[in-house]
Structures are given as C-alpha cells and as structure tokens.
Amino acid sequence: MDAVEKRVRTFVRVKPTADFAQDMIKFGPDNKSIDIYIKKDAKKGVVNNRQTDWSFRLDGVLHNTSQELAYETVAEKLVSEALIGYNGTIMCYGQTGAGKTYTMMGATAEYKHRGIIPRVIQQVFKATAHSVRVRVSYLEIYNETLSDLLSTRTSSGTSDVPMAVVDCPQGVYVKGLSIHPVSHEEDALNLLFEGETNRAIAEHTLNKNSSRSHCIFTIYIESRFRVCSDVKCVNSKISLIDLAGSERLSKTRSEGQVLKEAMYINKSLSFLEQLIIALANPKRDHMPFRQSKLTHVLKDSLGGNCNTVLVANICGEAVHVEETLSSLRFATRMKWITTEPVINETYDREGTVKALEKEIILLKQELALHDSLVNRSLVTYDPLTDIQKAEIKSQVHKYLKGAIDEIDIVNIRQVQEVFKQFKLIASQQEHEVEARLRSKYALIDKNDFAAVAAVHKAGVVVVDGHLMQEENGRDLRTRTASFSSRHSGKKKSRKSNEQPKKEGIWTSPSGRDLVGFLPSKSQVINSTKDLDVREGARNQDTANIDTELSKPAPVEDSQRPSSPPSKPVAFEQFKEECGSEINRIFKENKSILLARKKRSTTVAQRINFIKREMEGIQKALEAQKQERWQQGEYVDEKGQIIIDEKEFSLIMKLKDLKEEYRSGYAELQDLKAEIQYCQRLVNQCRNKLISEFEIWYNESFLIPEDAREALKPGGNIRPGMIPINRVMCLEEDEQDRFERMQETTLPACPASVSFYRAKTKTDQKHAYTRTMSSLEKMHKKPGLITAAGKNKPLSFLHVM
Ligand SMILES: Nc1ncnc2c1ncn2[C@@H]1O[C@H](COP(=O)(O)OP(=O)(O)OP(=O)(O)O)[C@@H](O)[C@H]1O
C-alpha cells in the first residue's frame, strides 16, 4: 500500500487551575494556537534583548476539556486506523504534575475520569471481531533500566531473560518483555491496573504521586481474513506512552533517591529532545536513537510508518511558564516530524493453503450431502487412481466396440478421463492408419492430373477420395484395395473385394489396424459404484466378515446389565437393517468380481486354444510353401508368385486367428485390471461394513441410554463436547454472583462494567497483598489497615 506523508499531530492540554495566568497565556480563537507573553525583567535594564512573546501553532488546545472530549480529539481516529493495520503512538510529555498520567490513565477511581488507555482498550474491543487477536505489554523504563510491569518475576527481580532493546528488520522489540493475550476488555484492563500498581511512584513538592519512570503500554492487534483465496494478516500496535515529568530540581526540592531519579528523567528527556530535533530535520541522516533506553525503545513509535500523536501537558500558573514554554517548543518540534503510515499486511501462504484445504473439505461435505439426497451415496471425488483410469479405458474400448451402450459417469473427473481416452484412441487410430497407408501406398494430390494419369497407368486405386499407389507387393499378391470398404467390417470387406481369378486371388491388406476395439463379451463394472450389474451370484454370503465378527464381545460388554447380543447375531440384524445398503453393495461387488474372474478364465482358455490353432495353421502353411516350391511356382507377367486357394485360405484364417488372439489378449488385460479394481472395491466394502457395524453395535448396545439420547441429532452434545447446560451449572462463587447482579443493575452505563470489575479485582488483589505484608510487619496487631494507591481515595480493609 502506498504511504501518504503525514506529520505528527500535536495537542496541548492545560491542567485546570484557579490560578491561571490569563495575561501570560492566551489561546487562539480557533483553539489551535497558544501565545505566551513574559514581561521584560526590569532588573535586566533598558537594553534587554530577551524575547518576550511566543506563538505556537498546534493541532488543538485542550483547555478545561473533559476526558471524553480529550480522547475523541486525540486518540479516536488513531485507534480506528490501528484497527485497519496502521501502527499508532500517543505520547504525553510535560513537566511534572502537569497531568500526563491523568491524561493517559485518568483517575481510575471513577469511570468518567478514566484516561486514554482504558478508552483505547474499550474502543479496540468494541470494534474487533472474534477472529482478531489482541495482546498487551507494559514496559517501564526506570533509571535507565527496563522492567516489565506485567512480569511474573519474583520480587527479587531475577529473570531468565535479561531485558534489552533489540533492533530487527521489522523495527525494535524488547527482549524479555512479556506479551499477554487478552480476549476481552476486562482482561486487558486487569493487566493495565495490575501494571499500574507496579509503577515507580514518589512524592515531591509538585506532585504527591509523581511517576518516576517512563511507561509504555502497548496493544498489539492481529487480524486475519480471506482475500479471494489468500489469507491476509494485518498487524498493528498502539503504543501509549506516559513519560516521566521533567522537573526543575530547585522547584521540586528533591533529595536522595528522588533526586537521582530526577536526574535520570531529565537526562533521558533531553536525549528525547535531541532525537526529536534530529527527526524533524529532513537533512539529518543519522538519528540518535541509541542514546538512551527511552529513545531506542521509541525507534519505531516516533514518526516512521506510524500515526503519532503528542499531547503536551502544561500547567497554567505563571510560576510554571518557563516549563510551559519548554513543553510547547518540544511539541512544535514534534509537529515537524513527518510520518509515512502504512498498513502492516502480510499474506500467509501456509494459511492460504490451509484455508483452501478447509474449503475443499467443506465442498466435499456439501457434495456428499447432495449425493446422499439424490441417493448417490458412494460417489467419491478424489483424483482417479490408476485402476480407475484403467477401468474407464476399458469401458471406452468396449463402448467403441459396441459391447456396452453407456459409459457410467458419476463425476467430472470421470468425464474428463473418458474424453481423454477417446482422444487418445482417435489419435492412435489416425497415426496407425496413416503409418499403414504410407508403408503401402504413395499418397498423391488428386488435383495433380499428370501424376494421377501416371499412377492410373501403373494400376492405382482410389482410397477415401485419395489416389494411392502401391509401393511394392512384397507380402501378398495384393494390387489394389478399397480402404473405405474395410470400415464396414472385415468379412464384408473381404467379400466385396474378392475377385477370384484363375491365375490368382485378390486380397486386401489386413483390417486389424482399424479394428482396435473388437467387440468383447466382457461386461462392465461401474468404476465407482455400478450396482446395477445383474449377473453373478447375488446372494454371496459375507463369510469372511462373519469370521471376523464371530470374536466374542469384550468382557466388559457381558458385564453390562443390558447384556448386548453376541456380535455375530447382532451382525445379522445389522445387515438386515442399518447396514442393508452397504451389505447389498458389498454382495454386488463381490458377485461382479466373481463374474470377472470366471470370464477371465474363459478368455484365457480361449486364447490358449487360438494359439494352438495358429501354430497348427503355421505348420500347414509351411508345408504348402514347401510343396509349392518343390512343384515349381507360378508367376504372373510381372513376376509375382501366384498361390493357390488352399494356401490363400490358410493365410486368411491365420490372419483372423491372429486378430482374435490380439482381441482376446486385450480383453484379458482389461479383465485383469477390472478384477484388481473390483477386488479393491470389495475390500473397501468389507471394511466399511465392519466399521459401520462396530459403530452401530457400540451405539446400540454399549453406550448408556442417556448419552445415546444426547448424541441423537438435536441432542445437546456431540462427541467430545461438554453440554453447555452443565458448564453453566458450574458453581459460581458469591463474588461472581454479586458481579453478575451488578451487571444487570447498572443499566445507566453498561459499558463501565468491565472497567469496574477489573478495577475491583485489582484493588482486591492489592489490598490483600498489602494487608498480608502489613500484617507481617505489625506482628499480631490486627486492626484497620490502609489500602491507598495512586489516584485512588483511601479505603479501609477490615482484617478479622
Ligand atoms: N485535566 C485534569 N483535570 C483534573 N485533574 C487533573 C488534570 N490533570 C492533572 N490533574 C491532577 O493533577 C495531579 C497531577 O497529575 P499527574 O499525576 O497526571 O501529573 P503527571 O504529569 O503525570 O506528573 P508526573 O510527571 O510527576 O508523574 C493529579 O492529582 C491529577 O489528578
């Protein structure tokens, strides 16, 4: 997808105050600009070049704005775009206590005051379908150390994988950061609140609950869908960044650990600023991403291929105007960073193949359903096996010979194979005929009158509208032959051309070449399920199967109170009832198989007989030749040998026998293929009969009555499933019941349920943890324990 160049969108949010410096901070009428005016410092004298007025133009100013409006302005569009595959980043920057955490997290005690992150989670889950995979991670950078706020690590902080920022072709990732799949809003909120309570917080003069770390809550969205036959994967992530606040050490009067934290924070923010300056300059080719952990982690979240939004949080009091100026400068620089958001989509070839396979299975099931509705229960749609192809070939040959009137076709593959066979035969015939003609005759263009006259003179016949000339008469005393006459059958052909002459006999070349498909008496088996064959012993018993089933039922069967019938007895019943159709097919296939075997024996015997007869004739011909040679040979005027009638009839007979032999041999080959195929069908039927019987036997006699009822169509379970009503009956505890009640009795804002549930869970969990640790500390001093947290009113947990 083509990227469209955009810029980072920047907003300024002013923390409400009763002491707003109206004369120093002014907003433009369109709410997109902010002017700062600082009075000249009289102490610096008359010559004072210090700038006193600044004007900043941004994408919006949020002043006295509710959390809801702030979200709509800053985040809603970005999240919508993330849902279609664009990465998005929202970052809050500003001096300490200016409202960054309030903007990102909000005051979590009250739903109305929840910040951007809980709202993003809500929007994501509102919009995503079940096929979308959502995961979250929560990273903290504290004093240049990466830590996982959702880690299951022990408090000692030991972890198998040391956390590190790693560059990869797709961007950067944090090695060792846990990423948690979440299936609904509440899950994600649980993790958010959980992580939030793990953040490093400290108190200083400007903020009682100052975040001492940079935190990045990331939501990964992965959706897959079909585009024609391809499976498209769209991946995106939304990075929600709450930076630690910059602070003037003099103002915050921090000391000790808090002072150390402040130094780290200021340093990393200063690297961030340098990076922003570099990113905003299109001429810069080196970007100092690696200067700090923060800038390195943000490598693919600032600009690049993502939608980026910055919220600069400022305080409205005059005393903070220097910091406000600094934040606005930062925002203005950010505004100059260009981005090229692109949809992160990939095609999953493996997924495509899987999806297609799934579709094939579905289509096959649909076909099977259709077949069973029209009583074509045994049709298969798999590619034809060699045996099936041989069977079709055999049917086509027989059809051409007139031995059968129809070719049984039940699916498209068979249609294609039949056509293929016809084509093959046609082209074989064409080549054979042409080769034979060429070996015997010279083909001359009939419009070439000179040539025609010449060949007429030499004794030529017209064959199928072409003039043909015999090249030589080596084999027999054949001079001319009406080729077309051979089409009407060899006997007729011979008769019509027989022009007995005293001095010799006219004969035609062998007609075998055109009779590749001599009528055969063999019968046809439907390659897949011709059950219409009426020959053979229809009532062949199923002795083999009976033997297999005569094994007694398992011991546990007999221990059952219902005492199921023995398998052989049950099998008889099965064949009469449910299994009657399979049994019928089995018997029919078996009878066809027997008939084929019988026919094959007959054909083999006949071939042997013909062979012996041919050998006899060959001997007789040899003797004739000897005799002719001894008596002296007759030759015509052209020097060609003239044979007598006896020898001629022997030759003709030998020719007929050869033909018969070939046709018998071909039939035998066909029969062999048929037998092989039939045998397979019989085996398949036998197995099917047994397996169906086993299922029927189990269902009828071994599965308990209530389970059988449930398994029936319309029953409440399918094999492998737990009845939903049983799942629903699983005991819920008091808390669950209470929460369910809350859900139904909170009609005013049903969307808040997940938020409150997650909040309650996290609070309970932490209250419990705190209580336990306090208890340990207090050593047998039970009483009232405080359970206070950031952005949360004090509450009390009674310890009994
Ligand atoms: N827009 C606002 N409306 C109401 N209260 C706000 C607003 N912004 C901030 N506050 C309040 O101001 C106090 C400080 O805000 P917050 O903790 O969000 O600041 P911060 O920028 O995150 O500070 P730090 O960088 O020190 O963590 C909080 O009590 C918060 O509830």
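Any Cβ shown, glycine's included, is placed from N, Cα and C.
If you look up TrEMBL, you'll see Gly94, Gln95, Thr96, Gly97, Ala98, Gly99, Lys100, Thr101 marked as ATP binding site. Residues or ranges marked as coiled coil in TrEMBL: 651-688. TrEMBL lists 495-504, 529-538 with the feature compositional bias 'Basic and acidic residues'. The domain 'Kinesin motor' annotation in TrEMBL covers 7-337. Annotation comment: TrEMBL describes 473-569 as region 'Disordered'.
Feature map: TrEMBL annotations on the structure.
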{"residue": "Gly94", "record": "ATP binding site", "contacts (Cβ under 8 Å, 6+ apart)": "Lys100, Leu243, Gly245, Ser246, Ala312, Asn313, Ile314, Glu323, Ser327"}
{"residue": "Ala98", "record": "ATP binding site", "contacts (Cβ under 8 Å, 6+ apart)": "Lys15, Gly245, Asn313, Ile314, Cys315, His320, Glu323, Ser327"}
{"residue": "Gly99", "record": "ATP binding site", "contacts (Cβ under 8 Å, 6+ apart)": "Arg13, Lys15, Asn313"}
Cβ under 6 Å from ligand 1: qualifying binding-site residues of Gln95, Ala98, Gly99: Ala98, Gly99
Reduced DSSP assignment, Gly99 (ATP binding site): coil
Mean per-residue pLDDT computed across the domain 'Kinesin motor' (7-337): 85
DSSP state at Gly94 (ATP binding site), helix/strand/coil: strand
